[in-house]
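Right, one structure below, let's go through it.
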Amino acid sequence: MKYKKFITSFGLFSTIIVTVIGVGIFSYPQEISSIVGTDGWIVTIFAGLIAYLLLYIAYLAVKRNGYNKLYIILNNNFGKIFGGILALIFIAYNIISISFGMRIFTEVVKMYLLEKTPTEFIFIVTILTGMYLITGGLGSLVKFNEISFWIMFVPVIIMMIFTLNNVDFSNILPVFNNNPIKYAEAFKTCIYSFSGIEIIYLMIPFIKSRFSLIKTTSKSIVFITVFYAVIVILSLSVFSKHQTNILLWPTMTMMKSINIQGAFIERWEGVAMAMWVMFYFTTFSNLYYLSSDIVKDMFKLKSITIPSIVLGVIVYIIALYPKNIATLYDMGNKFIPPLFIFNVVILPMIILLFRKLKKKSIIKKVMPLILICVLLTGCWDKVEIENKQLVSIIGVDTGEDIDKQKYLKNVKPEDPLTSIDLKKIHLTFGSPDLSQLGPDKGAQAEDKYIDADGYSFQDAVSKARLKSSRSIRFSHTSLLVFSDGIMEHPYVLKEILDYLQREPSLNRNMYIVVVQGKAERYIKLKTNMEKNMESYIIGLINNDSSNTEIIPVSLNDFLVQMNENGNSLLPKIGMDENNKDVKVLGSLAIKNFKAKGILNPTETANIEFLKGKLKGSKRMIYLDNHPVDIDINNTNRKISVGEVKGKLQFNIHLRMEAQIKNYYLDKNLFSVNTLKFIQDNFNKSIKIECEEALKKIQQELVIDPIGLGKYLEEYHPGIWNRVKDNWDTEYKDSTINVNIDTQIRRIGVVK
């Protein structure tokens, strides 16, 4: 049978890509990292090679059958009955896949964007929009794919570039650190992510240039493989292996974590959700068309409309069937893998073996995009800005019943506790008074406050909502304040952390500090510098690059650290004697989810030195009875490790660039010997300070904030596998040598 050849090489290229790369890309890093950890990107590349081989086999199956459509090939080779059965199995996989995908797509849309919109409504709108697109014909679908390719991947690539501010590429180390069984298990997960390559059965009969077909398909597989690998690398680099393993949708969370102060777009939640919609809808519409087209050929119908209606109803029923997200994933793991193997492996091989033996308007092309924008506006979730309460600061204090947890030990899961009034934690929410904001009123406003007690963070949030006449939102929260009392209750802290990493609306770029005493006092304190406390504390953090007495810790950083080993350093703040201003006390060391001790500001700064993350600092030495102020501009760290008498020996080499800012009038510094003398004495001074800080964290607190354990895991996995089960003892008994090399580059504009 002859077909009209109208699909260009770019049409084929874009169609394969937008069909394969669906919403699975948002969960893919978690799925692969949970099996092989930092080797996920390597397995992805290997899976890409196998995916190309499978695509090539499908191409051969179509080529050797005269470039016919799939059902025609099945009918010619296996007859009407058996060929029809094979076609139904092929359709079943596509329908189940897009149905489960629709449910996941809808759950995420409701979680992040349209909380009050009924699930059924989102299903119906998506199906009707897809139905409108596919009834326009294959030409309209291909043009839609070409347009969607640019709409999807240009913004995503830009967002990926923006995430580079938060990456630590050492997180992808070590490599090749898993056994062969793990790699095989991970490969199975990876190859499923190339589901959708069967769209080639729909496209090949209508390709203009069949000579460039292999080249085009290979380009599409290379693009998909590289895209998957980069997403895995970025997720691991931003969140680390441990945090990536527990996030359901790491790619979505990574996009939401982008924070560019002063940029045209500061909050990227909307952009991320727009990408989520596009990535699902392109996969849905292409596989929807493929399945409807096969049904049309089976029953020799002239129009694809009736098959699309019937399959649309089936998709709706299947998508609505799972009771929750856990059931959905469980059903998907049971049905999708065997059907996938049949569609992309068994069926094309069977076809090969049996063969061996025996024009639309532009409106049709862009209207689906318009329908998505109009119909998914979310009338149920419409909230006017004046009816929102944008929480900017949250304080977490211990509740009066925090020590009564022991009374709940005998409570059974089935016991009725809906009306329980256990005041375990106390939350304070601060929101700017929007009436004080405007072009003529300034960019800051005084806060209004709501307090609430609860047996959990969510319970306190729910009670706070009962006290507010507006809808409480957390997307603009910039500061989370913990009282030091909370840090004395590890079981409560774990419950709070679970909420913080589970709640999708929270801004993961918010800063975290610990305060001495009640957090509520600090939040409600009025300062002379700013109209609200969050602006003042965030200003201290952002403007502290020259002192390094405050280590900036975001919510994302804190969750990553606590999920790795339950240890972290958080900046600690106290009040002055008059209780009218705040002061920096240093850092609170947390070990095993409990406060372990305090590092003073100087020790905190020296820890930043040892971490090699110092952006700027000021130090001083005495020369001829006069202070010499030295400004450190940059720090570079290198670590080496060895073993001496059965104990680990770490060597930390710190290289610094500095300039002299202040000395004494008429004193000449423009001398090689003088500068060398200052450098040598400065090196000795910093070395002593760093060794004192190391002694405290190593012997007294037994915490590893400078990341020696992480260094072993990434660069010396053999040593790490031997010591990781007894790391605290090995770390405490190890020797840590510090070598300082300071280069004073500038002395100012006078000699």
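Using the three backbone atoms N, Cα and C, a Cβ is placed for every residue, glycine included.
Annotation comment: TrEMBL describes 7-28, 40-61, 81-101, 121-142, 149-166, 186-208, 220-239, 271-291, 303-323, 335-354, 366-383 as transmembrane segment. As annotated by TrEMBL, domain 'Spore germination protein N-terminal' applies to 381-574. TrEMBL lists 589-748 with the feature domain 'Spore germination GerAC-like C-terminal'.
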Between the transmembrane segment (271-291) and the transmembrane segment (81-101), are there at least three Cβ pairs closer than 8 Å, leaving out pairs fewer than 6 positions apart?
-> yes
Cβ-based contact of the transmembrane segment (7-28) with the transmembrane segment (335-354), 3 or more pairs under 8 Å | no
Is the number of Cβ-Cβ pairs under 8 Å between the transmembrane segment (149-166) and the transmembrane segment (220-239) three or more, considering only pairs separated by 6 or more positions?
-> yes
Leading contact stretch, 121-142, 303-323, 335-354 vs the transmembrane segment (186-208) - CB distance under 8 Å = 335-354
For the transmembrane segment (303-323), which recorded stretch in the set 81-101, 220-239, 335-354 gives the largest number of Cβ pairs separated by under 8 Å?
-> 81-101
Across the domain 'Spore germination protein N-terminal' (381-574), average pLDDT on the 0 to 100 scale = 83
